[in-house]
Amino acid sequence: TSAALTLLGGSVAALVVWKWLGRKMIQKKMEEARRTRDEGMKKMAKAVQQFREQVPSVQTDAILSLPLLELTGRLQEGSLSPRTVLYTYLEKALEVTQQTNCLRHFIPECEEQLQEIERRKEKGLLYGIPVSIKDHIGHKGHLATCGLVQCLGTVMEEDSVLVKVLKKQGAIPFAMTNVPQSLYSYECSNPIFGQTLNPLNPQRGPGGSSGGEGALIAGGGSILGIGSDMGGSIRLPSSFCGLCGLKPTAERLRWVLALPLQPCSRSGLRRGEVLVPCALGPMARDVDSLALCMKALLCQEMFQLDPAVPPIPFNEEVYSSSTPLRVGYYDTDGYFPLPPCMRRAVKETRRALQAAGHQLVPFSPPRIPYVMTELFMKTFFADGGRTWLDVFTGDIIDPGLKPQVNSCRIPRLVKKLLALLLKPLVTIPPPLKDVAMISTCRSVKEMWNHQHQIQVYRSQFIAQWKELQLDVVLCPVLGPAFTTGYPRKLLTAISSTMLYNVLNFPAGIVPVSTVTEADEEELKLYKGCCDDPWDRTLKQAVSGAVGMPVAVQCVALPWQEELCLRFMKEVETLSRDK
């Protein structure tokens, strides 16, 4: 007996030591990644200082205040040099990341790209424009971490197609921005590089998962960024940070990553992509910038590098049109009631559009609770979240993801019982409500049926759209920016953006207002759907946001990005004329 106890005690001690050593190894990898990032920033700061000494008379504020279209014009005509613009934005990006922790890494090869474009005879549409890119968009020689320790060896062999096209058009990728761990969150935090803050208010988050992009651009450290969106990851940071952002039809700018030099088990990161595809898209300060970026990317180079991208160039005629539009609108989706300021934004924009000569038609998106639980959540957690959990093997889980991770770790039978018990109830605490929503596909046949249900819903939605003869739809978006720590408590608050990922419609965000004292007073009376813990949590998340941006969402049918952008431009113009 004593021998057995000794053996058991030894085994337990060995397990404890093994776990301790594993954790120490993880900590060492994270410290090394942070050290590499900090060294890169020091090199960039030194390069900026050297440039400042060589050219002391640069009008930094004047350059940073130029809209993208004006900046490209100045670069094309030669009144500004790409070198001056690059180092001006590098300097500003260093300042913004010190305040917000938005950068994952500078791209030192930006200086090589600068020299390359200076030698060229042909100037592309983005000649000399510094561009920031989201952490996981492949750039040769750099990591694509997704905020995961297991991906810290994921060095890319070559540039992704999108980066190649940006460079072909004369752009200079200069920085990679921070993301939430695994990308499955709109709280921009991971254990390696930490929490990103909103430059407009450091008590609030920038949204996610393209939160580093949102913070950098809103802080003035980038004029154009590329994000990705699978549930609102471009649109939520745009809403929270007061930017314009476009989620195109997913296949318009195809999801193509370069290959890593070393393998990284990220199979769980893009699961469900065929059913609810991930879209790459631009983020910027104004709609014209988004349009220019799309025009630059939808070029022959893109179509040749990735034959799976339909060869449809940007239609300038549609974007420039002034024909009155027939606009469907709604200010609530009937699933997750948004704060009063977000509904006010839709109502004011609707009135402005009507006064400008557009035809406004009430529109009600069908069956949003069904879409959220049975289509969207079931796509991502078809196996109960087991594939997603695999990406955290040998990793430290960020606090922002712990509620979702813990929900997925509950045994399948317990989840089913909880779902049966909780779904009929009106008042369910947020963590339990998230568990109740996780439904699974138990067989291949059920997965095929799930795919069919998504197709049926898309057809029904389009039929309703066509019956009303709509051109576009105006609707709300989640906002204003949440106080840090709250997105993890409100996973399913993203119904306003998630819908258009399931549908694969182009959707964009335009800031139209800011939170007022009157909005705050009205928020005190906010009851949400049924004044349950979920609604009260949302109220806490957004309270005290006076002065923060308030945005609306603009939507078009698949492949009609130009019409979506044209509508966004109209909304932007009317909001600025108020």
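Glycine is treated like the rest: Cβ placed from N, Cα and C.
TrEMBL annotations: computationally assigned, not manually curated.
Feature annotations, courtesy of TrEMBL:
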DOMAIN    85-565  domain 'Amidase'
ACT_SITE  Lys134  active site, charge relay system
ACT_SITE  Ser209  active site, charge relay system
ACT_SITE  Ser233  active site, acyl-ester intermediate
Ask   = Long-range same-chain neighbours of Lys134 (active site, charge relay system), Cβ under 8 Å, sequence gap at least 6?
value = Met176, Thr177, Val179, Ser209, Ser210, Gly212, Glu213, Gly225, Ile226, Gly227, Ser228
Ask   = For the residue listed as 'active site, acyl-ester intermediate', which residues in the same chain are close in space, meaning a Cβ under 8 Å from its Cβ, but six or more apart along the sequence?
value = Leu183, Tyr186, Gly208, Ser209, Ser210, Gly227
Request  = Summarise the model's confidence over the domain 'Amidase' (85-565) as a mean pLDDT value.
outcome  = 90
Task = Have a look around Ser209 (active site, charge relay system) and count the other CB atoms within 10 A of its CB, chains all included.
result = 33
